[in-house]
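First comes the structure, then the notes that go with it.
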Amino acid sequence: MDNRPSRHHLFRLRSSRCEPPDQRRLPTREIGGAHVRIGLLTESGYPYVGGEGGLWCDRLVHGLDRHEFDVYAFSSGEAQEDAGWVPLPPQVRRVRTAPLWAVEDDGVVFGRRARRRFREHYGDLTAALCAADDPATPEADRFATAVHGLAALARYEGGLVSALRSETAVRALERACRAPGARRAAREARVPDLLTVAAHLECALRPLSLDWYEEDGLGAVDLCHATAGGAAALPALLAHHFFGIPFLVTEYGVRLRTHYLTRPDSPPAVRSLLAAFHGGLAAETYRRAAFITPGNTHARRWQERCGADRAKLRTVYPGMDPAPFADVGESPREADPHTLVWVGRVEPAKDLVSLLHAFAEIRAAEPKSRLRIIGGPSGPEGAAYLGHCRALAAQLFPDEADGPHAVGDNPVSFEELGGPGPATSADAHAAGAVTVLSSVVEGFPVGLVEAMLCGRATVSTDVGAVVEAIGGTGLVVPPRNPRALAGACVSLLRDPERRSRLGAAARARALELFTVDQNVAAFDGLYLETVARTPVRHLVLDHTGDPLPFAAPAEAHVPGHWTTDPGPRAVPRWAMDTPVPATETAR
Amino acid sequence: MSDLGELNRGTVPGAADPVRALLHRHHDLCRRAVDPLEIAAGLEAHGITDRTAARFRHRDVFSLAEELYARVPRDDDPPHPVPPGAAPRDRAALLLPLLPGAVCAASVAALRHTDGETRLYAAAGGILALTLALRAVLRRGPLSTPAHAPRPAATASWTCWLIGYALLGDGLLHLAITGGPDGPPDGTGGGHWPLATAPALALALACAPAAWTTQLFTGRARRRLGSSRGLEDFTASVRPVLLGTVALFLLALTALLATASALLDEPFALPGTLALGALLFLARLLTVHGFTHAPKVILMITAGAQATALATVFAARLPGCADLSAPVETLTAWHPAAVPALTCGAAALTLLVHASRRLPRASAHLPPGRAR
């Protein structure tokens with residue numbers, strides 16, 4: 001177990017929950033089963049409790065118990081660090097964490113030569129950010145060279161924190177912005193803009209100052225798996241640069257797109273320079289990655305747009321555990337044939353207002369129909385929206401009482417999971433004959449996949465990854481169109497046979513595409529394929545720790561496929577898609 | 001958000017320019033955007049997908065965004081309004097620096113009106129209360145350090161030494177030259193080992209002007225950030241502000257010292273106190289802006305110099321070392337407060353030169369980072 005204190009006190013190791021070295025499990029060797037040591041790089045997710053995207057990492061690590069995982073995690077805040085870790089399985093050998101949110105000056109003061117090198121590399125970086133977009137520019141690798149140079153500086157001289165916040169850095173940035181050929185928005189940068197950009201770059205380049213890039217750190221793994229783009233992919237990029245370690249990038253939401261949406265009110269100069277930085281980082285990540293696994297077609301399109309090679313793209317859908325939905329999905333019992341169900345977190349993007357308007361039309365056509373809205377609000381905005389929706393529902397559908405003393409009954413009900421109504425989301429979907437999704441903005445629709453696993457017919461709006469998830473097994477209508485939504489719902493309510501046919505097809509599709517098993521198997525295959533393409537660098541040891549002679553054949557030291565005929569190989573591919581270096585490589 | 005349903009009805013199929021309506025609807029987004037991808041991200045956040053883009057005769061959202069980006073005129077962009085850098089004003093934090101002055105005045109009064117063992121307790125209580133008050137002032141408000149700065153290591157002990165010397169040092173030096181001391185100080189200004197309470201009271205009261213002038217400097221510098229065109233501009237315009245700030249503080253300190261001396265009926269020890277006040281103020285100003293190394297070194301050297309001056313006088317009593325005390329005796333004969341005035345004055349001048357090079361830089365005013 002590696003729990004050395006990190007070199008710069010910027011980083012600390014939490015108490016480690018892995019087994020002590022004497023109880024270390026030896027890798028099991030079996031025929032046909034290669035043992036891969038994977039460096040799993042996460043940002044604000046696994047292994048912290050409740051981190052975003054932590055769940056699929058957890059399932060991945062649990063599912064691949066014959067491999068070994070070293071987890072390198074960035075935390076997103078103090079609250080997260082205090083919340084602690086999820087229980088780690090024995091295949092996680094080492095966990096190293098670093099905060100990206102906290103800056104602590106490590107007191108490293110550069111000497112004259114280091115300062116000069118820093119000025120050169122940072123100047124290159126800023127010049128690459130400020131350069132006008134010109135595809136004919138011969139300096140396409142300038143960004144990468146500068147980042148590698150800064151990383152080498154941080155590795156050999158110590159942390160970059162004070163240098164990145166120094167006057168040298170701000171002046172280099174100003175010089176790059178005022179240089180001839182700089183893009184227009186950069187030329188207009190004022191002093192506060194320069195300071196904002198410098199502070200943001202310092203924040204974004206913090207992974208460079210980590211002490212992970214050593215022979216027994218990231219240098220010891222067989223491959224890196226970055227579970228997000230951006231900051232999490234930066235250590236993988238540097239491990240590839242320093243040690244030649246191949247890496248995979250998984251993106252369920254594209255980081256670059258998030259950056260465009262996070263700072264809409266900043267001055268144009270700030271947005272332009274930061275967009276250039278994140279765009280450059282994404283392009284470099286995609287160029288160097290062995291495989292890129294988008295979580296859906298939407299992410300895939302963004303990645304293609306940012307320069308990802310199609311040959312490296314493998315869409316791996318997020319996996320869901322089908323077990324909780326098996327009872328509902330398999331049971332022949334038909335739910336209440338007049339009930340529509342909406343399940344999810346209530347927020348404005350879900351557009352419940354158009355769902356309520358649509359339900360008014362549905363009720364005009366099918367007076368016995370009911371609508372159950374199941375889910376709690378997300379945040380104060382969601383709570384306000386829920387109140388608005390309740391008021392609208394009360395207006396559209398007044399309570400209908402049988403007599404003067406009876407309690408009125410409303411065809412629209414608002415419930416929460418775990419309340420007096422349904423306990424789990426499987427129960428929620430089971431309560432209705434048709435599941436409706438009325439969002440205007442949606443990433444990968446988890447709720448829809450749950451409904452598919454429950455074998456329910458669905459009506460959804462055409463947003464995000466809905467169409468690729470549902471395929472032909474449900475009805476899809478344009479968003480913000482209550483009439484179309486109502487029409488689709490009425491047609492399903494009136495046709496039980498079609499409902500059951502669509503539900504069965506949806507469940508079959510979900511079981512084939514969106515289960516944990518397919519997700520884990522896909523990553524397992526990608527790991528093995530990546531390792532098979534990489535020359536062996538490590539000495540293979542046997543159980544007693546002695547080197548195993550001839551464990552790796554001589555051909556294994558040659559990159560590329562050596563078991564199959566590579567075909568005509570006039571020019572290797574790596575020579576074609578990398579740009580011609582115009583500047584010196586900073587190895 | 002755009003209303004796509006409305007959009008569908010509003011656009012006549014086959015109209016000559018369907019993109020025009022979209023451009024009108026998202027004009028702000030398109031005008032603000034710095035590249036087509038930003039428009040694409042914004043359009044997707046408004047619910048426009050590739051299938052919507054197909055209605056505008058585009059293959060995907062990206063090519064639609066490119067058309068929108070190309071069609072928005074960008075030549076007459078108004079300059080982006082600079083948000084006023086209004087720092088949140090914390091009233092409590094601005095009144096807090098009055099606390100050390102009040103505590104010190106109370107302690108001095110207690111010392112004057114007690115004697116014997118009670119005076120010892122009063123002195124101990126006063127020092128404890130003053131330390132707590134100073135700690136509170138340095139933790140919160142304009143004099144607090146930024147979150148990301150390295151922990152200020154050993155400046156506290158050197159500062160204590162300097163203040164202690166201002167209180168007792170000159171008395172001890174004169175006693176040592178004349179052959180004393182014969183006993184501990186009795187806590188009055190008139191005994192054989194006099195306690196100089198006026199400088200200490202003036203320095204404690206000066207916490208308030210120090211905090212306010214620091215706030216003034218930070219606020220002015222932030223305003224200059226917004227209004228200057230380049231880094232050189234900024235540096236040139238902030239340097240006079242810094243010098244003015246220091247001058248203002250020294251004026252305030254002089255006034256406070258004059259008042260304190262008159263009230264306590266003590267000699268007006270201007271040079272030593274002024275030099276010490278300037279030194280401590282500049283050291284704090286540098287620390288507040290993240291430059292901790294120079295203040296630490298300078299304070300250490302100053303305290304060392306004062307300690308050496310005292311040590312030479314005592315060392316002169318050793319046989320054969322009588323000449324050691326000659327420089328200090330000459331200086332003291334020239335002016336009784338020459339040792340603290342010269343050491344602190346030289347240190348303050350050095351720090352002033354350093355500060356006038358470092359503090360007008362833009363990087364000293366970077367937005368502070370978060371600390372753990």
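Just so it is clear, glycine is given a Cβ too, placed from its N, Cα and C backbone atoms.
Copied over from TrEMBL:
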{"type": "TRANSMEM", "residues": "B:93-114", "note": "transmembrane segment"}
{"type": "TRANSMEM", "residues": "B:120-138", "note": "transmembrane segment"}
{"type": "TRANSMEM", "residues": "B:158-177", "note": "transmembrane segment"}
{"type": "TRANSMEM", "residues": "B:197-219", "note": "transmembrane segment"}
{"type": "TRANSMEM", "residues": "B:240-262", "note": "transmembrane segment"}
{"type": "TRANSMEM", "residues": "B:268-286", "note": "transmembrane segment"}
{"type": "TRANSMEM", "residues": "B:298-317", "note": "transmembrane segment"}
{"type": "TRANSMEM", "residues": "B:337-355", "note": "transmembrane segment"}
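Panel annotation: around the transmembrane segment (B:93-114), residues 122-123, 125-127, 129-130, 133-134, 136-137, 140-143, 187-188, 195, 197, 200-201, 204-208, 210-212, 215, 264 of the same chain, lying at least six beyond its termini, place a Cβ under 8 Å from a Cβ of the stretch. Relative to the transmembrane segment (B:268-286), the listed stretch B:197-219 leads the set B:158-177, B:197-219, B:298-317 in CB pairs under 8 A. Among the recorded stretches B:120-138, B:158-177, B:197-219, B:240-262, the one sharing the largest number of Cβ pairs closer than 8 Å with the transmembrane segment (B:298-317) is B:158-177. It is B:240-262 that, among the stretches B:120-138, B:158-177, B:240-262, forms the most Cβ pairs under 8 Å with the transmembrane segment (B:197-219). For the transmembrane segment (B:158-177), the list of distant contacts is 185, 192-197, 199-200, 203, 272-273, 276, 279-280, 283, 296, 299-300, 302-303, 306-307, 309-310, 313-314, 325, 328-329, 332, 336-337, 339-340, 344: same-chain residues at least six beyond its ends, Cβ to Cβ under 8 Å.
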